[in-house]
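**Q** There's a structure below that I have some questions on.
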Amino acid sequence: MKFSAALLPLLAAPLAAASEHTSNWAVLVSTSRFWFNYRHLANVLSLYRTVKRLGIPDSQIILMLPDDMACNPRNAFPGTVYNNADRALDLYGDNIEVDYRGYEVTVENFIRLMTDRVGEDMPRSKRLMTDERSNILVYMTGHGGNEFLKFQDAEEISAFDLADAFGQMWEKKRYHEMLFMIDTCQANTMYSKFYSPNILATGSSEIDQSSYSHHADNDVGVAVIDRYTYYNLEFLETQVQDPTSKLTMGDLFDSYDEEKIHSRPGIRYDLFGGDQRARERRVMDFFGNVQNVEVGNEQGNETQWVQPGGPSAAKASRRHSENSQPEAGHVVEKAKPAQSLRREGAMKVDEEQNWTKQVYGAAALVGCAGIWLAGSWMESM
Amino acid sequence: MAAESEQTFSETSPALQNAVKSSNQPPPETKESLWLRRLSILSFWAVVVFLGLPIWLKTTAIYRAELPLQEMTEWAEGKVCKPVFPLRIAVEAPDVSADAHHLLRTTQHALDDINDFSAHHLRLMLADPPLTANASQQVVSDGTRIQSDDEDVALLIRLIPVETGTTPRSHLQPFSPTLDVYYSPNQIPSQSSTGSTLATFLAQELHSLFAEEQAQLAHLLSTISGAHAAKVKALSPETSAQLERQSTRALKYAPTYHLTFSLFSPSYAPSAWDIETALRTYISPLLESFSGISNFTVDTQVQLYATFAPSVRQPEYDEETKAWTLRKEDLSGFVNAAEWPLSPSIGKGPTVNFIVYVPDHTQSPLLVNENAGNSWLIPQWGGVHILNLQSESDTPSALTTEMLAPAMHTFSNQLISLFGLPQSPASLPLRISTLERVRAASLIFSASSTLGALAQVYKKLPSIPVPDNVAQSTHRTIVHLQQACDFLRDGRFPSALEHARAAEVEAEKAFFERSMVGQVYFPDEHKVAVYLPLLGPVAVPLVMAALKELKSILKRG
């Protein structure tokens, strides 16, 4: 190759190639424990299966499951987790790699994972080894409220903590682009504090809105999936058939139907450089692992560049093609509202931000202090 | 106290009921008890203010070591170090005469004219041939001479006069950084002439030898912040796209890489391989030549009864070529990542996988359909080689070094690609030294940017504790960066790389310090809720007593 010919001084143009990513990572987090939160684990496992099907290898998926529904004694179908009452697809399957389990799922561990401030003995499979060429999908589900998400009934992560963690990641060039997805009550408040560029955020419900479950399986005995996740998955499973899909994030966002989701999903474009740019991103840029693969003959021998991604993708894809049809049929059936409207466990925590409430609160506090003072005064008389 | 109790007794007397209303006041306190009370209130306050408050402040304060924020930001913005690459090129002439000096000057002039990338500069020096060096030559050390075996010499040009063949012509030695240039004696420029064919030829030759390196460095500088942009020459879109692809394929820099060589077989044989000898013969020399840049750890494994993923299309028999074939689009599914134990998380660095697959003798030879090849490379992951054994009968139970040779050749080629070695020139030491320079520059940039990131985090997140060792690491990073930059300017690239590596390690250590995880955010309401029940009961009597005492002082005063 003759470089000198190509080295003609040209106008300094911004490098178009700089907008490429070379690897995809997924951080899938459920934050709630206990049997009646079955659906949160099912949400996460459904998404896990989808990204695996679309080609993200297990080593690049961080799965956080705070409880083990498959082995719960109350599970009538031991060893399985289903996300649908037809029980066509066992999400737990035979090939699940859970990275953080049980009490390991804490706010601290989550922040450590994102910022990679982990001990030296942390195995590589539990670390987010991303660089400035990695796209990250962060999906969280659990019980939340205004600007917080509860972890395991014990602690909570606030929107500020999340924003700071992502801010540090951006400073250290730990991601190229990020899709933040959250399915919880008042979910849209969780991404309201973000300030780092190149984050596309979407949530299931606005402030003061609950996020609802889709339907329950009477034999399992609890709700099996949340609405927002359900309709995201419906799009991903029926529209995005294989890694060559050209569908965009815009198509995904357009598929959100407030009537079906029963809450108003939010999308935040401003950090991503406007809705135009964000909507043009392919769904596969976040949910799959498609890279610009080079196929060529190097040095005259039979070297070829092929894409990693692996058999798990192919395997999952096969499984998918077996299941997608019945599933699609099921979706139509389930869209009938009467049965699916089960408002179970939708925790609503109001933490008003407006001034009147704050004034009330302050007045109450001052009143208490006043009564106390008065009491002490009387006593000392 | 005694006076008070008497008073109480007198109150009970009904005869004095009226008088009580006016005289029911405690008797004036004695000065002593007054002061005693004041002192005790004061002492309580003193304990609170001088002991309680400092302890509370001290225990709730977040320790943040001082960091040289200004300096860190300057490094990140590229204000401190502008990397330059002055390459020393030794020229070994058969006789050191005025003519040789003149040739050098003319060539240098021609070189400077062609060069459009000021940061990358080739400096020609007349070398003393190490073997023929005699006393008179060693005395001369005027700065334009150099020992040709010095490790900081990027390239040695040997000028060899010949009588036959086309001249000038050149030959690059593949295993040493030496360019032999053959010329006919009449091509040496005379003192008076300003140009000559030999000088132009040399300049052109050098320019094209280092063209790819220049392109790589220019590409690197252009991807870094705007501070350098001004003096960087623009690359054509095709070139930068190609460099981009090359960097996509190459592994990210790590101080240590872990290489895993695996033998997979679908049956019980071969169950042994002479991998140790094979590695020593074919891979170790390569790893040794890379050892200036990264360290390597190696492990090997043999896995029997390794089956393909069930979903993958099985190999098909092609009657025409009498071979089993895999389609190119199925190659990505060839490695059964779900069941084959790869990426073992051994060692510190990222794992690079090299897989030898020995097909069953009923399925041999196994080839790629499109080009009848038997190996492929997976970017940033590793390589696969299908080892088709010649024998018609059963698969042998052990593989000898000779049998492994083709696989090892493939792997060393793939390793070179994965390691980001440039494709030209043909001399391996020259390519490695190019990689050294590129790595040194990119490590300086990445360590600087980590410093900047740390400074930003420090400024933006006041709730994050910063222990002393972060400050120490930061200082060490800056020292190493400065040294790397100085060595780069002096053209001492191996030392520059060494310091750049140290700087990178220290910078990463500083940024990823484990204890630098901030407190979880609490809204102010939460703080009130925590402190009020704790401090309220203590504070109210204290404040009330102080107020009461102040009031009585005011009344008296």
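Positions of Cβ are set from backbone N, Cα and C atoms, glycine also.
Residues annotated as active site in TrEMBL: A:His143. Among the features that TrEMBL reports, active site, nucleophile is placed at A:Cys185. For A:330-349, the entry in TrEMBL reads compositional bias 'Basic and acidic residues'. Summarising the annotation, TrEMBL assigns region 'Disordered' to A:300-349. Taken from TrEMBL, the feature signal peptide applies to A:1-18.
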**Q** Kindly assign A:His143 (active site) to one of the three DSSP-derived states: helix, strand or coil.
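**A** In the DSSP reduction, A:His143 (active site) maps to coil.
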**Q** By the DSSP assignment reduced to helix, strand and coil, which category contains A:Cys185 (active site, nucleophile)?
**A** coil
**Q** Do me a favour and check the Cα-Cα span between A:Cys185 (active site, nucleophile) and the residue listed as 'active site'; whole Å is fine.
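**A** Checking the Cα atoms of A:Cys185 (active site, nucleophile) and the residue listed as 'active site' gives a distance of 6 Å.
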**Q** Out of A:His143, A:Cys185, which of the active-site residues is least crowded by other Cβ atoms within 10 Å?
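**A** Relative to the other active-site residues in A:His143, A:Cys185, A:His143 has the fewest Cβ atoms within 10 Å.
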